[in-house]
């Protein structure tokens with residue numbers, strides 16, 4: 001059903017003829033420009049559907065276009081950030097970058113009003129909005145009708161500032177004044193977002209102030225309005241200081257603290273709070289905002305893992321759709337596990353919520369069938385995922401954050417939201433350990449290795465995220481080798497294998513990691529090095545093995561096999577010793 005609705009809302013523009021036809025049709029045209037590898041932006045479709053219902057076909061049309069297919073869109077090729085273009089009469093009038101629901105709705109409303117005036121006045125209409133250009137040389141002229149801001153791609157900036165306008169200032173009507181002063185001071189607004197912070201998120205974002213009840217109360221009293229400001233290199237800070245952005249009698253401005261060549265942070269509001277915004281906070285407020293390779297070189301982001309849970313009702317009805325959406329937002333699924341929780345397991349996982357009015361319904365939902373646990377990875381995964389989820393209460397998500405995942409993937413007649421995410425990196429690790437407990441496996445570098453080969457393999461192991469809990473160089477006796485390979489007794493290669501493994505020392509290691517057994521076997525590759533070179537050219541056996549017999553490395557095949565081999569080589573190692581070594 002969702003695919004049919006999507007066709008009704010947005011037309012597909014895939015060639016120059018269709019593009020020209022779409023531009024010349026009457027009314028306002030909103031084009032979602034997408035890249036081939038990620039597809040159109042799902043997050044904006046609910047907003048478009050609502051606007052389409054309200055204004056109809058005469059005033060408003062929506063389209064999707066791949067940047068590679070249309071010549072006019074060539075300057076947007078390779079840009080990961082979602083982009084919506086607004087056309088009327090064949091002219092580009094505005095651009096919104098990123099999934100910014102309030103700004104999209106505001107821009108559509110203003111430009112639809114312009115269309116109404118055009119229809120009413122006919123030939124007497126005088127254009128109110130300046131035509132824009134996508135050519136890189138004209139980007140400084142790109143303005144939105146609501147803010148008159150220089151809205152240029154994040155690729156083209158040297159310095160950024162994150163501005164948080166606090167609830168009291170938002171309620172006092174100071175947002176537009178602050179935005180105008182920022183623009184007048186020579187800054188451009190790359191992205192902006194308005195949302196209500198719950199107490200959990202305030203504790204995550206404002207660690208130093210989280211224990212101050214009045215501060216938490218103030219910050220959760222209403223929406224905050226967050227801006228990313230960009231300053232071109234040619235705008236000298238002494239000529240346009242950040243203090244020019246706001247009246248200090250109304251709001252305190254904390255001077256930006258530089259973290260890299262690309263990011264500055266600033267905090268403003270009616271309270272006397274300061275906060276060092278880093279890439280994690282940026283990821284929360286603007287989860288769809290992608291930085292360029294230059295910015296990544298500035299080390300403002302780090303690869304993280306976080307836990308995502310797809311609850312039973314959503315898993316049953318829209319599994320493929322939510323998994324595609326997760327992928328479209330740049331996450332990799334490192335591990336996944338489908339599991340049905342017992343009542344006891346669900347209560348233990350959500351014990352911090354015990355006593356709330358929604359707790360019984362939450363437990364009932366969590367135990368109603370299989371759920372899907374995902375280990376998601378990407379830069380700043382924890383807050384990117386949390387930022388995409390939106391408010392916990394479904395009705396609040398639909399009303400205040402219709403573009404959020406909890407709003408888009410709400411299930412009819414189910415009060416509990418269908419998606420879970422860890423709040424902090426520490427919580428993410430604890431949650432991952434519950435659904436993907438740490439495994440231990442035995443890894444062996446077989447005889448006849450050189451020191452260079454040994455070091456190379458160990459470095460690869462560490463780079464893959466394994467912890468080496470124990471390591472020893474040991475020559476197996478023939479009896480030990482026979483016990484080690486007892487599962488192969490009777491096979492034609494058994495005696496040759498035992499002879500080979502007992503002729504010299506091997507490097508024996510205990511590797512620890514979530515999903516360690518499977519990941520180590522994938523890292524080793526197929527037993528036959530020729531097959532490995534064809535199917536897994538980057539695996540260890542493809543690169544270092546001489547033959548099927550002398551194939552460099554060995555790994556346990558399952559949990560029981562791993563524990564038996566670990567005990568054979570290292571003896572009965574207490575579990576706490578392994579955990580201590582991992583740290």
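Note that Cβ sites are derived from N, Cα and C of the backbone, with glycine treated the same way.
Residues annotated as active site, pros-phosphohistidine intermediate in TrEMBL: 420, 554. What TrEMBL records for 446, 493, 521, 527, 541, 551 is ATP binding site. Marked as domain 'Nucleoside diphosphate kinase-like' by TrEMBL: 303-437, 438-580.
Where TrEMBL records a feature, it is marked here on the structure.
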| residue | record | Cβ neighbours (10 Å) |
| --- | --- | --- |
| 420 | active site, pros-phosphohistidine intermediate | 21 |
| 446 | ATP binding site | 19 |
| 493 | ATP binding site | 12 |
| 521 | ATP binding site | 18 |
| 527 | ATP binding site | 13 |
| 541 | ATP binding site | 23 |
| 551 | ATP binding site | 20 |
| 554 | active site, pros-phosphohistidine intermediate | 21 |
Restricting to the domain 'Nucleoside diphosphate kinase-like' (438-580), report the mean pLDDT as a whole number.
88
Cα-Cα distance linking residue 420 (active site, pros-phosphohistidine intermediate) and residue 551 (ATP binding site), given in Å to the nearest integer:
43
Provide, as an integer number of angstrom, the distance between the C-alpha atoms of residue 554 (active site, pros-phosphohistidine intermediate) and residue 420 (active site, pros-phosphohistidine intermediate).
38
Using DSSP, how many residues of the domain 'Nucleoside diphosphate kinase-like' (303-437) fall into helix, strand and coil, respectively?
66 helix, 28 strand, 41 coil
Secondary-structure category, per DSSP, in which residue 554 (active site, pros-phosphohistidine intermediate) falls:
strand
Let me know the largest Cα to Cα distance in Å among the ATP-binding residues 446, 493, 521, 527, 541, 551, as an integer.
21
Looking at the binding-site residues 446, 493, 521, 527, whose Cα is closest in space to that of residue 420 (active site, pros-phosphohistidine intermediate)?
521
Quick one: what's DSSP say for residue 446 (ATP binding site), helix, strand or coil?
coil
